[in-house]
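Engineer: The following feature annotations were taken from TrEMBL:
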- 17-347: domain 'Kinesin motor' (DOMAIN)
- 102, 103, 104, 105, 106, 107, 108, 109: ATP binding site (BINDING)
Ligand SMILES: Nc1ncnc2c1ncn2[C@@H]1O[C@H](COP(=O)(O)OP(=O)(O)OP(=O)(O)O)[C@@H](O)[C@H]1O
């Protein structure tokens, strides 16, 4: 899978159920030391929402995205362009999924999961999304709850209570809703409460990576925010009245309380390295194969969604089973592909 796997999805379906954006990470000290650059092989054209890739000096390919973010794009701008529309949908009762996809070290966690404790301008989508949801809900009429999980190999582990490390996926046969019995579901009091728990989750993910002897994330991290809103919708009701000897049917507006449920998923996917290039063996190979399987089946679902194909095969991996109730119907998906200065050599 490389850049071209997800580019150019937009023109096929209007209005699309999938949006795909791309973000370039700025050069870090390693890139500068090894003089890694992007400009000789890749050109971002944000005003055209295009990325141009040179295969050699004469040949180039152009890919279209919904949004193109250069290395100068702030966390705020990326959030506004990618996640905010999904948050607005969730506040209006529609579910949505935002996912970060890219190779190790290209900025997936920075984009979707960074806490920004010391500098709020560095806050990522998870924090900004919760902030916006809390700002636009009232604790009297709404409930905001979340779970924070990771999927490693084919095991779902609770990042808030890591002892829960083999959580099953159950599909409600009536509603099709994905249920995760045993996963911690926390009612959010305020943003500070959420930040504290997100930090615990981050530390548990980090500890799991350290145990696996790697700094990079070999698991998918999934933040699941559930919003329940009590709304009072007006419903036309027919009422019969008696006036002297005649019966009259009147249409009256009746206020009926309705509960609207919606879900926002923010997913920090595991690095998308290819097995053949990583030279993995033994356990590392098994790990890479599971990541490959889940990303491949996710790719198939996203392509099916973009083509408005009603048959979305979600059975192939735990990742897509976990996401399946956020794929169909009115739900929307937004994918942000992160790339780094050395990405061309690995794609
Ligand atoms: N847009 C950016 N601006 C500034 N720093 C960034 C940006 N994107 C990433 N970084 C920095 O680059 C490093 C790698 O980013 P990050 O950990 O988010 O990558 P990743 O894709 O999640 O990697 P992995 O798959 O290994 O977990 C981090 O130090 C991060 O702070």
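Glycine is no exception: its Cβ is also placed from the backbone N, Cα and C atoms.
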Engineer: Residues with Cβ closer than 8 Å to the Cβ of residue 109 (ATP binding site), same chain and 6+ apart in sequence?
Structural biologist: 100, 124, 217, 221, 268
Engineer: Among the binding-site residues 103, 104, 105, 107, 108, 109, name every one whose Cβ is found under 6 angstroms from ligand 1, counting any of its atoms.
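Structural biologist: The ones that qualify, in sequence order, are 104, 105, 107, 108, 109.
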Engineer: If you count Cβ atoms within 10 Å of the Cβ of residue 105 (ATP binding site), leaving out that atom itself, what do you get?
Structural biologist: 20
Engineer: Per DSSP, to which secondary structure element type does residue 102 (ATP binding site) belong, with helix, strand and coil as the options?
Structural biologist: strand
Engineer: For residue 107 (ATP binding site), which residues of its chain lie six or more apart in sequence with Cβ-Cβ distance below 8 Å?
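Structural biologist: Spatial neighbours, sequence-distant, of residue 107 (ATP binding site): 23, 25, 100, 338, 340.
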Engineer: Per DSSP, to which secondary structure element type does residue 109 (ATP binding site) belong, with helix, strand and coil as the options?
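Structural biologist: SS state of residue 109 (ATP binding site) = helix.
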Engineer: Please list, in sequence order, every residue of the chain apart from 102, 103, 104, 105, 106, 107, 108, 109 whose Cβ lies within 8 Å of the Cβ centroid of the ATP site.
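Structural biologist: In sequence order, the nearby non-listed residues are 25, 100, 110, 271, 338, 340.
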Engineer: Including all protein chains displayed, how many Cβ atoms other than that of residue 102 (ATP binding site) lie within 10 Å of its Cβ?
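Structural biologist: Its Cβ has 23 other Cβ atoms within 10 Å.
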Engineer: Suppose we draw a 10 Å sphere around the Cβ of residue 106 (ATP binding site). How many other Cβ atoms does it contain, all chains included?
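Structural biologist: Neighbour count, Cβ to Cβ under the 10 Å cut-off: 24.
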Engineer: Return the single residue from the binding-site residues list (103, 104) that has the minimum number of other CB atoms within 10 Å.
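Structural biologist: Sparsest of the binding-site residues 103, 104 by Cβ contacts within 10 Å: 104.
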Engineer: Which residues in the same chain, at least 6 apart in sequence, have a Cβ under 8 Å from the Cβ of residue 108 (ATP binding site)?
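Structural biologist: Spatial neighbours, sequence-distant, of residue 108 (ATP binding site): 100, 101, 102, 217, 268, 269, 271, 338.
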